[in-house]
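Student: For 26-46, 58-76, 82-102, 109-126, 132-154, the entry in TrEMBL reads transmembrane segment.
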Amino acid sequence: VLISLIIIYSGVKIEFLRAPSSSSGGYLYLSYLSIPLTIIWLISITNSIGQADELGDITPYIVFIASLTFLVVSLVQRQGLILAEALSLIMAVIAFIFIKYFPRGKFSSYYMSFGFILAVIAIVGVSKSTAALTLLIPFLILGVPIIDSSYSIMANYA
């Protein structure tokens, strides 16, 4: 939560949602809900990627595909910052895939770091673009970890 507050203090937060029948040009601006919603998003995506480790060793590949998708979207929309962030994360995941075959502990801190970076990329990518589809793209890209963690939460309570 503390790191989420640092990210918010640096200016990265969810400031609007797409509202088709809104009087404010199609966007629903979040004034007081912006900070709590950003914290929930960052923690949710971080934990979703961290919990995806239970699926086996496919978590780095999920992060790789999500980063590659963000890279392609940033190329299409000409967003240089997102391009650099996605490319950096792709290189980190490739390096991790090469070294992951050495003996390691049962810690998922690297997965949590990847998840946090993906969550921040999703927020920055949406806030810098005005395309209507961009608000849906992070959910589509991060769909597998979100559905997996939602399923495991529901299975624990059912």
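Glycine residues also receive a Cβ, built from the backbone N, Cα and C atoms like all the rest.
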Student: With pairs fewer than 6 apart in sequence excluded, do the transmembrane segment (82-102) and the transmembrane segment (26-46) have three or more C-beta pairs that lie under 8 Å?
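Tutor: Judged by the Cβ rule, the two regions do not touch, with the required three close pairs absent.
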Student: Hey, which bits of the same chain come close to the transmembrane segment (58-76), Cβ under 8 Å, at least six residues off its ends?
Tutor: 49, 52, 82-83, 85-87, 89-90, 93-94, 96-97, 100, 111, 114-115, 118, 121-122, 125, 134, 137, 141-142, 144-145
